[in-house]
């Protein structure tokens with residue numbers, strides 16, 4: 001098949017020259033990436049101030065991101081909050097059965113609103129409040145005491161960790177060329193170098209070569225390359241030390257940024273191969289073949305459950321008593337012997 005644009009096709013081994021061009025371009029590209037990254041500012045709203053009202057008919061589910069403060073849990077329903085209440089008294093009891101008044105990790109206001117501070121998975125569970133108040137008969141001044149109970153099921157959650165599965169294709173002269181392996185290895189090194197400043201790296205990378213018959217061009221050979229963009233490269237823990245309360249937010253943001261930079265790199269690579277290579281390369285990027293699929297994972301002790309936690313379906317919610325999650329999957333497994341009574345268990349023992 002003849003080369004286009006009057007350029008001669010490069011002989012076997014000329015891929016090395018093309019790789020050199022790509023590497024040189026990647027050096028300049030990486031410098032631009034690092035310069036632009038320094039200018040970016042991370043602004044994350046850690047605590048959303050809101051209120052959650054109780055309901056005497058059913059328990060209310062509340063989801064609190066780990067390390068943050070809970071919303072204000074109000075010891076009454078919304079309708080009662082619009083009325084005048086005589087001599088109200090509030091008693092908040094935590095999951096461990098203790099009175100929450102005066103606890104160092106709680107704040108109970110004089111109007112019966114509870115905030116749990118620095119929420120951790122072990123703080124998950126049932127928070128109950130008993131409200132007692134009086135009703136005074138206008139004509140007789142007779143006093144009647146009313147007692148109402150409210151139950152809040154409070155769960156710790158984390159944002160899911162995002163890993164991005166990337167697919168991209170390249171045309172090649174033949175599936176049995178040794179240069180295919182060389183190109184793949186060099187591509188991995190360049191991509192890792194491109195995103196290293198974000199403490200991200202390429203994992204589970206592989207490729208397969210397929211022969212494809214097309215109506216217009218006859219038989220062609222393509223490299224189907226796939227890999228994952230993972231935010232947990234060596235040194236990622238230091239990122240969490242700098243941002244201890246929003247580690248998932250930061251790592252997820254960096255993984256997204258790394259994936260975007262890789263997309264830009266392939267766009268840049270296409271331009272280099274088309275306009276700057278002295279000869280038509282033996283391996284060429286297939287235009288518009290770059291695609292990305294996000295894959296979620298949860299930290300050990302957390303999982304997803306669309307039925308139990310419909311209001312936080314995308315969250316990694318703490319595993320409840322009798323369940324556990326030992327790895328980074330999204331499932332809390334049920335213990336064969338439900339001995340685990342704690343929240344956030346990583347094993348059944």
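Just so it is clear, glycine is given a Cβ too, placed from its N, Cα and C backbone atoms.
Here TrEMBL flags 1-30 as signal peptide. Annotation comment: TrEMBL describes 60-158 as domain 'Zona-pellucida-binding protein 1/2 N-terminal'. According to TrEMBL, the domain 'Zona-pellucida-binding protein 1/2 C-terminal' annotation covers 298-348.
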On the DSSP side of things, how many residues of the domain 'Zona-pellucida-binding protein 1/2 C-terminal' (298-348) fall into helix, strand and coil, could you say?
3 helix, 9 strand, 39 coil
What does the DSSP secondary structure composition of the domain 'Zona-pellucida-binding protein 1/2 N-terminal' (60-158) look like, as residue counts for helix, strand and coil?
7 helix, 53 strand, 39 coil
